[in-house]
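Working notes, structure below.
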Amino acid sequence: MVVSSALCIFSLLALVQAQSESQQPKIQLRLAGDKRKHYEGRLEIFYNNEWGTICDDDFSIEAAHVACRELGFLGAVAWSPSAKYGHGEGRIWLDNVHCTGREKSLADCPSNGFGVSDCRHSEDVGVICNQKRIPGHRFINTMSNDVETLEERVEEIRIRPISSHLKHIPVTEGYVEIKERGKWRQICDEEWTPLNSRVVCGMYGFPREKNYNNKVYKSLSMRKRKNYWGFSVNCTGNEVHLSSCRLGKPLEPKRNGTCGRGLPVVVSCVPGRAFAPSPSIGYRKAYRPEQPLVRLRGGANIGEGRVEVLKNGVWGTVCDDNWNLKAATVVCRELGFGSAKEALTGAKLGQGMGPVHMNEVECSGFEKSLTDCYFNNDALGCSHEGDAAVRCNIPAMGFQKRIRLSGGRNPYEGRVEVLTEKNGSLVWGTVCSENWGMIEAMVVCRQLGLGFASHAFQETWYWAGDASTENVVMSGVRCSGTEMSLPQCLHHGKHISCPKGGGRFAAGVSCSDRAPDLVLNAPLVEQTTYLEDRPMYALQCALEEKCLSSSAKKNDHGSYRRLLRFSSQIHNVGQSDFRPKMGYHAWTWHECHRHYHSIEVFTHYDLLSLNGTKVAEGHKASFCLEDTQCDEGIQKRYLCANFGEQGITVGCWDTYRHDIDCQWIDITDVKPGDYIFQVVINPNYDVAETDYTNNVMKCKCRYDGYRIWTYQCQIGGSRSSDMDEYLGMSNQLHFR
């Protein structure tokens, strides 16, 4: 009798649970709005045959977790109130949603009830999901709407090359396959369009698609049994990932494994010129490649950076008002990359300089250049704190598989080891550290996808690596800094020459995802330039520190030197503080001036003839790197007094006044004429920066023997190359 009662109670509970589940409202979720990543957006809900939004009142990270898992992601990273992704339309279906985080669906969470809300669309909630998918997740469609995306159904997507293309790098052509419930499946091409191919190519780092030899694939498909996915795909061409496309109609499976008259989908993509086997194969831009209209600056890795556009010969930035994935993708494709992974706002990749050329950019997504998009010329209210940036999809080149860091305390540092071919087999070995410097270290960190270099090491005895890899396999490495991998730099090839050998003298690096960026205030230099005749008896310390021309050694104390004086104000507009390369213990004490030099040569000052020949020079050691002043809201961190910490904080600047020693060029021996006045910060690349081109400032200069005029001062990289040539200037550094 007791057993019978227990069974009755169990049956009753099961019946109540089944009725509860059957009465549970059926919903579907999607991410919409002004998205900057495909895994974020305004949270929208489909209920009662109508899409609507969710109010941010009482919303929580637990509710975001439930929503993201329902969409097939591992969970949520964050949620955003106040219509961050734009105002939605239609009904506000849910308000005052309270989730514990354990619910299977947002519909299981208590709320005011569907359609019961006192909110406006200015309170629409958004979520940022973990970009990783739930393995084996499968969305069960119970809705009658026709706007379901692949987001809920797809675990992974790949381009599978045929055997004859397996060794091609990058993989630009092959079958498009979708992983569903752990199995790879082909897509039937009956409903496939070029817009779908455009999306696939974009997500794999290619700017556009092209036609392919259909006969080869038709012949192959006849021989092998296919395993088709059960749906067609419907893309607009603007999606940054195939999983954001809408599902097309379901396909009826055929007994013989075919899809009607169709074949498996194949895509063929055109690589950007930087990734092509030869320049002739790569995608060419619509404008002449010698002078691009758009560029990226300040990015730690390939295919990312602050967006800058050229207008009237002057480079400027883009304001982040309305900046979104469509506009970012136009930039990425224009520069030979794929679609955008991320549209960054708030100067996330550093502040630019010069004018803000574009504001409120609106693109259709199909423009050839960002300059073809609609935009507002009026940048009123925009500052460099709102500079827009992008991160683009780039092709898988396999660079990271051929280099590694060994022995470091963390994955960001260690002895550099490269994979090379020796006697017909691949072996790991070290890199000779002779002439190894920051530029070479930058290339290594970029190749590894670890950002910028923070240090370049010529001794690595303290990093115990594998003894079998100590042999030097690469020597004579000299990089320009633009290479994507170390083998692209100049090196000795098979003829290794490394007098010190590997082992403790192998090259090493440490990497960082952030770096400073120093820029000189050019107008201040132009405004403060003047001449001073100074007696030699007041220049003895300067003579000792080699701040005068060599002829000064022959002068007696009663003679005079003619000095071109000026003030310099050096701003840090990067992403991390600028710190001296060496610590306190290695600073050099100068008795005459009675101060330490934290960097022996911090700036070079030169007077050049119009053909670039040096006619007079000077240099400035960093005896005191400190925060003279900072932007509003930024606290000073570095002060030289009492042997304090030295550096320049992000958003601060260090001022060297015109009236201090060595803040000059000795032009005593210079004849009257027209010259170029040049200042170079961090000339020996002692400290890593996000951009070295803007470390150079050049001015036109006229000297009549008594007075000097300095005009048209400009920072390297701030103008078009045509303009630089007109001024007799080059933005490239030539010290190596």
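Every residue, even glycine, has its Cβ placed from backbone N, Cα and C.
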**Record TrEMBL, residue C119, disulfide partner from C55, C68, C188** = C55
**Prompt:** According to TrEMBL, which candidate among C99, C129 shares a disulfide with C109?
**Reply:** C99
**Request:** Can you sort out which of C8, C129 is the disulfide partner TrEMBL gives for C68?
**Result:** C129
**Message:** Applying the under-8 angstroms CB criterion, which one of 159-270, 294-393, 403-512 scores highest with the domain 'SRCR' (29-130)?
**Reply:** 294-393
**Asked** Between C363 (disulfide bond) and C99 (disulfide bond), what is the CA-CA distance rounded to a whole number of Å?
**Response** 38
**Request:** List the same-chain residues at least 6 positions away in sequence whose Cβ sits under 8 Å from the Cβ of C129 (disulfide bond), in sequence order, or say none.
**Result:** L31, Y39, E40, A64, C68, L71, F73, L74, G75, A76, V77
**Item:** Within the predicted model, mean pLDDT of the domain 'SRCR' (403-512)
**Value:** 89
**Fill in**
Closest by Cα to C109 (disulfide bond), out of the disulfide-bonded residues C55, C119, C245, C479, is C55
**Request:** For C55 (disulfide bond) and C99 (disulfide bond), determine the Cα separation and express it in whole Å.
**Result:** 14
